[in-house]
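Peer 1: First, the structure itself, so that you have it in front of you.
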Amino acid sequence: MKTLLLTLLVVTIVCLDLGYSLKCYQHGKVVTCHRDMKFCYHNTGMPFRNLKLILQGCSSSCSETENNKCCSTDRCNK
């Protein structure tokens, strides 16, 4: 009986993937986000005429604007 319960517990953990963390691009590399970070962001700006600034990473909250794009799936902020 204990073996059956243990097997069911292991199967449940594997199926639910309790340790899942979002993966986002940050500085051109894929990073694993902290558990409370549910969004990837991609922010583009031009602080100077000939300089395009791109910021990418993980965020716990995200507001979408013209320059800031938000998404919630792995590697979606390229």
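In case you wondered, yes, glycine gets a Cβ from its N, Cα and C as well.
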Peer 1: Just confirming the record: what cysteine out of CYS15, CYS40 does Swiss-Prot connect to CYS24 via a disulfide?
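Peer 2: Between CYS24 and the options CYS15, CYS40, Swiss-Prot records the bond with CYS40.
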Peer 1: Regarding the disulphide bond with CYS58, report which of CYS33, CYS76 Swiss-Prot records as its partner.
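Peer 2: Swiss-Prot lists the disulfide between CYS58 and CYS33.
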Peer 1: DSSP three-state call for CYS24 (disulfide bond): helix, strand or coil?
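Peer 2: In the DSSP reduction, CYS24 (disulfide bond) maps to strand.
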Peer 1: Just name the most isolated of the recorded positions CYS40, LEU55, going by other Cβ atoms within 10 Å of its Cβ.
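Peer 2: Relative to the other recorded positions in CYS40, LEU55, LEU55 has the fewest Cβ atoms within 10 Å.
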Peer 1: Between the Cα atoms of CYS58 (disulfide bond) and CYS40 (disulfide bond), find the distance and write it as a whole number of Å.
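Peer 2: Between the alpha carbons of CYS58 (disulfide bond) and CYS40 (disulfide bond) there are 5 Å.
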Peer 1: Per residue, counting other C-beta atoms within 10 angstroms of the C-beta, which of the recorded positions CYS24, CYS33, ILE54, CYS62, CYS70 reaches the highest number?
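Peer 2: The most densely surrounded of these recorded positions is CYS24.
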Peer 1: Take the Cβ of CYS76 (disulfide bond) and count every other Cβ within 10 Å, whichever protein chain it belongs to.
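Peer 2: Its Cβ has 17 other Cβ atoms within 10 Å.
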